Protein chains: 2
Amino acid sequence: MSPTDSPAPQTGSRPGGRSARVRAAVHRAVEELVADDPTDPLTIPVVAARAGVHSTTVYRRWGSVGELLSDVASSRFSGDIVVPDTGSLRGDLERYASDLAKDLCDPDTLALVRATIGIGGEQGAAACRGERQQQLEAVLERERARDGQPPSLERTTDAVLAPLYYRAVFTDEPLTPEWARALVSHLLPS
Amino acid sequence: MSPTDSPAPQTGSRPGGRSARVRAAVHRAVEELVADDPTDPLTIPVVAARAGVHSTTVYRRWGSVGELLSDVASSRFSGDIVVPDTGSLRGDLERYASDLAKDLCDPDTLALVRATIGIGGEQGAAACRGERQQQLEAVLERERARDGQPPSLERTTDAVLAPLYYRAVFTDEPLTPEWARALVSHLLPS
């Protein structure tokens with residue numbers, strides 16, 4: 001991609017237009033740089049050089065590295081886990097937990113989460129949660145539609161979502177599918 | 001403090017000597033800078049200027065911002081929670097959970113955890129856990145000495161430690177003492 005520093009409107013740009021191409025190139029550059037060396041502090045000039053765009057374009061559109069990382073994380077963690085109806089709350093939650101475990105095991109995903117948490121503040125933290133809680137709420141709502149009595153969203157977050165994120169981000173222990181399913185067993189004793 | 005760039009040996013320096021003073025000044029500078037603006041990327045020259053030491057001193061001793069943050073976090077999160085013997089596992093865990101909740105609620109603590117996770121890699125993550133798991137293991141061991149049968153360390157980590165860290169780092173929900181104690185109730189139903 002050739003360098004460009006044309007004004008990139010925040011909204012109203014055509015999908016597939018130059019604005020979308022710049023966004024895609026910058027997102028890809030951030031993901032690659034974070035994956036390459038998570039301990040190397042990310043800067044906007046470095047991102048811009050990797051993406052083949054001018055730094056001013058990146059500054060104008062995202063403002064700061066924190067906002068840029070939050071935007072990348074937000075795209076990355078939204079809509080990526082779709083839990084099919086397995087017929088039971090236990091089955092749905094086991095599927096959700098093992099899918100999320102698999103996703104968080106990915107070293108590139110983990111590097112992006114850590115980098116975004118580090119510099120993105122509250123906005124970055126929210127971006128790393130993405131739609132995980134809404135996805136969980138949808139699973140609980142499905143159980144209510146079955147006339148079941150699921151645990152609360154808070155309780156399910158504490159019992160399933162939190163250990164997955166904690167183990168991935170703060171420890172070097174593996175997120176095995178067996179362990180992920182055991183989290184559900186503790187929440188829903190048979 | 002006047003600038004100094006004398007060789008600072010990594011080991012064998014006298015406690016209370018110049019090496020210790022430099023370490024204290026640099027640690028304090030990191031804590032202040034992270035608390036001032038968590039979204040501003042930390043650099044060694046900025047830390048050195050705030051601490052009143054030469055950048056080369058900081059580079060020689062810590063090597064990178066990631067290692068420096070890990071060292072600060074490791075000091076900060078070790079030995080700060082001592083759980084007195086309340087006479088029961090439930091009492092001990094409730095005390096542990098509410099003390100940890102209070103600590104993680106502190107905005108400066110949270111900023112340090114996030115910054116260290118962001119740039120410190122695996123080493124930074126381990127530094128943010130600090131001695132929390134050993135402290136938890138000590139509480140469980142105390143219960144075994146009472147001839148009790150406590151849950152495993154893994155189970156207790158998933159049920160108590162993980163939700164505390166997850167809520168602090170990834171959400172803007174409050175870590176109330178009541179919620180922290182409820183985590184223990186779910187682990188140890190009466």
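Glycine is treated like the rest: Cβ placed from N, Cα and C.
Automatic prediction, not curation, is the source of TrEMBL annotations.
Under the heading DNA-binding region, TrEMBL lists B:43-62. Look at the DNA-binding region (B:43-62): DSSP puts its residues at 16 helix, 0 strand, 4 coil.
According to TrEMBL, the compositional bias 'Polar residues' annotation covers B:1-13.
Taken from TrEMBL, the feature domain 'HTH tetR-type' applies to B:20-80.
Per TrEMBL, region 'Disordered' is recorded for B:1-22.
Predicted-model confidence for the domain 'HTH tetR-type' (B:20-80) is 90, expressed as mean pLDDT.
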